[in-house]
Amino acid sequence: MTFITRWLFSTNHKDIGTLYLIFGAWAGMVGTALSLLIRAELGQPGTLLGDDQIYNVVVTAHAFVMIFFMVMPVMIGGFGNWLVPLMIGAPDMAFPRMNNMSFWLLPPSFLLLLASSTVETGVGTGWTVYPPLASNLAHAGASVDLAIFSLHLAGVSSILGAINFITTAINMKPPALTQYQTPLFVWSVLITAILLLLSLPVLAAGITMLLTDRNLNTTFFDPAGGGDPILYQHLFWFFGHPEVYILILPGFGIISHVVAYYAGKKEPFGYMGMVWAMLSIGFLGFIVWAHHMFTVGMDVDTRAYFTSATMIIAIPTGIKVFSWLATLHGGTIKWDP
């Protein structure tokens, strides 16, 4: 098997997982370099970069690189690809060729994001890309358009990956294995994939409307034509809040396995409680988004609802934390470095 055949045309979940891990490591170094620039600018009085726009571009790029090209490829693409088939005894992922495409959409997406920083004045909008700052008035030129296309590609990659993981986790188990016998990491990736499948299309819609506002004279987010910039915020945060749970849920799964192993236990405390806590967190994550928007002004009843719903998430999260503590309790703890 030639090098090209193995790495470019792979249909092997382990090879594709390795590609994801390597890509994530490289992107992580880019993201770290960007955060170093941020700290260098803020770590002393006066200016270092000397230009507010450049600083905002660095902050925006740092966020996108770390979220879409480091955490998600490593946690979902890397660990997910490597571990999910192994943990359920499947020969590979449900759709191995689509798995390959999910990975190879990421380098072009990364390239578009880097390009967005180098043309015109860059994307100095913050990772939220709110209009009217992201409009063709405040950000003329191709920068924001390139960033939008970058997000489109990363989004397609993640949606395809999500379909793959959902199908694999549900359908590729041996007949004797019920869903409630799969390891917690498999559950965490399954729930993460469901969140991706439900939230990313909304982001795609929002940024596509922003794209047409910028280039095709639509006014989805422009009051002059009957639009509303607040609509963009709702669309963005309906994705943006589940996204932060997408980033942390695979970590919850990993922590459960790590804690059980280092406590010398064969399983974590309260398996069913852990599963339902993750399911609850995933569900509740979709009905709290407007807490990111309190400063734009909201009805008192709306504020009360979003505040209460947000606080409810603390309950399943607490179940997870105390189950980890209960797993450690009474264990023969391995103090490996």
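Just so you know, glycine gets a Cβ as well, placed from its N, Cα and C.
Look at Swiss-Prot and you will find H241, H291, H292 tagged as Cu cation binding site. Residues near H292 (Cu cation binding site) in space but far in sequence (CB under 8 A, at least 6 apart, same chain), listed by position: Q233, W237, G240, H241. According to DSSP, H292 (Cu cation binding site) sits within a helical segment.
For 1-12 (among others), the entry in Swiss-Prot reads topological domain 'Mitochondrial matrix', with the evidence type similarity to another entry. If you look at the topological domain 'Mitochondrial matrix' (1-12), the same-chain residues 6 or more away from its ends with a CB under 8 A from one of its CBs are 19, 92, 96-97, 99-100, 104.
Marked as topological domain 'Mitochondrial intermembrane' by Swiss-Prot: 42-51 (among others). Remote same-chain partners of the topological domain 'Mitochondrial intermembrane' (42-51), defined as residues 6 or more beyond its termini with a Cβ less than 8 Å from a stretch Cβ, comprise 58.
Counted with DSSP, the topological domain 'Mitochondrial matrix' (88-95) comes out as 1 helix, 0 strand, 7 coil. For 88-95 (among others), the entry in Swiss-Prot reads topological domain 'Mitochondrial matrix'.
Annotated topological domain 'Mitochondrial intermembrane' per Swiss-Prot: 119-141 (among others), in sequence order, evidence recorded as similarity to another entry.
A Cβ distance under 8 Å defines the sequence-distant neighbours of the topological domain 'Mitochondrial matrix' (172-183), meaning residues of its chain 6+ beyond its ends; these are 85, 87-90, 93-94, 253, 257, 271-272, 275. Annotation source Swiss-Prot lists topological domain 'Mitochondrial matrix' at 172-183 (among others).
The topological domain 'Mitochondrial intermembrane' annotation in Swiss-Prot covers 214-228 (among others). Remote same-chain partners of the topological domain 'Mitochondrial intermembrane' (214-228), defined as residues 6 or more beyond its termini with a Cβ less than 8 Å from a stretch Cβ, comprise 131-132, 134-136, 144-145.
If you look up Swiss-Prot, you'll see 263-270 (among others) marked as topological domain 'Mitochondrial matrix', on the strength of similarity to another entry. Here the topological domain 'Mitochondrial matrix' (263-270) has, by DSSP, the following mix of helix, strand and coil residues: 0 helix, 0 strand, 8 coil.
Taken from Swiss-Prot, the feature topological domain 'Mitochondrial intermembrane' covers 288-299 (among others), and the record attributes it to similarity to another entry. Note on the topological domain 'Mitochondrial intermembrane' (288-299): residues 230, 233-234, 237-238, 240-242, 306-307, 309-310, 313 of its chain, located 6 or more positions outside it, place their CB under 8 angstroms from a CB of the stretch.
When pLDDT is averaged over the topological domain 'Mitochondrial matrix' (329-337), the result is 93. The topological domain 'Mitochondrial matrix' feature in Swiss-Prot is assigned to 329-337 (among others).
The annotation transmembrane segment is assigned in Swiss-Prot to 13-41 (among others). Here the transmembrane segment (13-41) has Cβ contacts under 8 Å with residues 6-7, 47-49, 55, 58-59, 61-62, 65-66, 69-71, 73-74, 77-82, 85, 92-93, 96, 99-100, 103, 106-107, 110 of the same chain, all six or more residues outside its ends.
Residues or ranges marked as transmembrane segment by Swiss-Prot on the basis of similarity to another entry: 52-87 (among others).
Residues or ranges marked as transmembrane segment by Swiss-Prot on the basis of similarity to another entry: 96-118 (among others).
Same-chain neighbours of the transmembrane segment (142-171): 60, 64, 68-69, 72, 76-77, 80, 84-85, 88, 90, 93-95, 98-99, 101-103, 105-106, 108-110, 112-113, 115-117, 119-123, 125, 129, 134, 179, 182, 186-187, 189-190, 192-194, 196-197, 200-201, 203-204, 207-208, 210-211, 214-215, counting only residues six or more beyond its ends whose CB sits under 8 Å from a CB of the stretch. Summarising the annotation, Swiss-Prot assigns transmembrane segment to 142-171 (among others).
Per Swiss-Prot, transmembrane segment is recorded for 184-213 (among others).
Among the features that Swiss-Prot reports, transmembrane segment is placed at 229-262 (among others).
Each residue of the topological domain 'Mitochondrial intermembrane' (119-141) gets a DSSP state, and the totals for helix, strand and coil are 0 helix, 0 strand, 23 coil. Below 8 A, the CB atoms of the transmembrane segment (300-328) and the transmembrane segment (229-262) form 3+ pairs separated by six or more positions in the chain. Taken through DSSP, the topological domain 'Mitochondrial intermembrane' (42-51) splits into 1 helix, 0 strand, 9 coil.
Same-chain residues lying 6+ beyond the ends of the topological domain 'Mitochondrial matrix' (329-337) with a Cβ under 8 Å from its Cβ atoms: 261-265, 269.
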